[in-house]
Each structure stands twice: as C-alpha cells, then as structure tokens.
Amino acid sequence: LLIIFLWPLILEPGRGTVVVGRLGCSVSLPCHYKAFQVPLDKLYVYWQFKNSGPDKMAAVVIKGRINKTYQHGNYQGRGQMDPLKLKDGDFTFSLSSLTKGDEGIYHCIVMKDDVPMTTQYNISLRLRVDALFTVPTITRSGSDNRTRGSETTLICTSHGGLLRPRVWWVKSTDGSHLGSGQMLFKKHKDSWNVTSIITLNVTQSINLTCSVENPTGNITSPTCESPKDFHVLRHPHI
C-alpha cells in the first residue's frame, strides 16, 4: 500500500539537473526541503530511480526514520541518506560503487502523512556515470640500438574510458601533428582499451607526445579526485 501511493506522483523525466559521477566512485544527489513546515515524523521521503527498465526504490524515509524494507536490492549497501541530517530537511542521497547501470533519472519526493497524502516537495535529477582513461604509456618496439635513418615503432596504450577516445601523436619541438597512427580498440566490460602504433623514420633526435582525449569531458565526483579530461605523456628522447 505504501508503494501504491507513490506511483501517481512520479514525474516524466525531463532535462532537470545533470549530476556526473565517476565509474566505481561515489556521488551525492542533493534534495533539500527548505520550507520545513511539517515535522519530520509526519513526512515520507522517497528516492526513486527511473530509466528504460522497471522503476526502483533507491531509498525510503517513513515518518522520519530510514526504512530499508522497501529499498531495492541494487541499492542495499550502496545507497543511503544521512540520518543526522534528516531533521534539517537534508534528504541528499549518496550512492557508492557507481556502475553504468546507475545512469538514469532519480526522483526525490517528500510527502506529508495525511489523508489523502500530499506532496510537499519533489525534484528530479539525471545521473550520468563516466570514466577517464589512464595516463598513457609509451613503449618502443624492438631493440634500442638505432642508427640515423632507421625505422622506430612506438606504442601508446591507455584504458578505462567508457567511449572510444581520440588519440594523436605530436612532435613536441614544433607542435606538428603526426596523426593517430594505427589504432586498436578493445572493449572490456563497460570500458575501452586503446592502443596506437606509429612507425617513424628517425633522421634526428626528437621528442614525441602521445595524447589520449576523453570525448565526454571533465568528470565531477565528490569522493574521487578526477584528473584532466585528456592525458599527455612525452617520450623524452627518440
């Protein structure tokens, strides 16, 4: 009966506020009932998840107390509200160990225990889960014994991003681009591994940079420090 009351109140997903979290990290979805005119023990608070599949109850507060009976198994042990902040109208939902499946619309609905129950406040947030590529590493194929005019093959590797990245090689001395080289992509669960191979005819000593750019831009996360949206590694001497 408790959950039946809730269904008519769910809003269709709109643009709303987008919150970006990093894969495997934690994120906080804010919900602040500022006009706290109803005592906490008279309130029901619901965090509900909505995407293309069945709706899920992410967190529930019944008459001022957190209740895990109605919490979907996908959020048990990962999703929570701070019981000490409830009295201040802070119903922020924190979710840890983010997966790609956590993406979607989250509704925070505050209701008054009345007959009939009335909605006091509601907000919808869209969660996007992203990931960054690791700092690329450069290795040289073959022997280090090189003569001027000989061919040298360099391999740049990185992994961890959710979308195929852009990769390019740059000559550090003048900033000229040498292209992306031979690109190899491999999907591993939700993330991508990328390898770029470039072969050069070395006529003089040069410095090269391999850049791997994350197409989705910067990642924001309260609990995991996010590096820049692209990584650069310079091979000091070729």
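Here the Cβ of each residue, glycine as well, is placed from N, Cα and C on the backbone.
Sequence annotations record features per position, and here TrEMBL assigns signal peptide to 1-16. Annotation comment: TrEMBL describes 8-124, 136-220 as domain 'Ig-like'.
Note on the domain 'Ig-like' (8-124): its mean pLDDT in the predicted model is 87.
Helix first, then strand, then coil: DSSP counts for the domain 'Ig-like' (136-220) stand at 0 helix, 49 strand, 36 coil.
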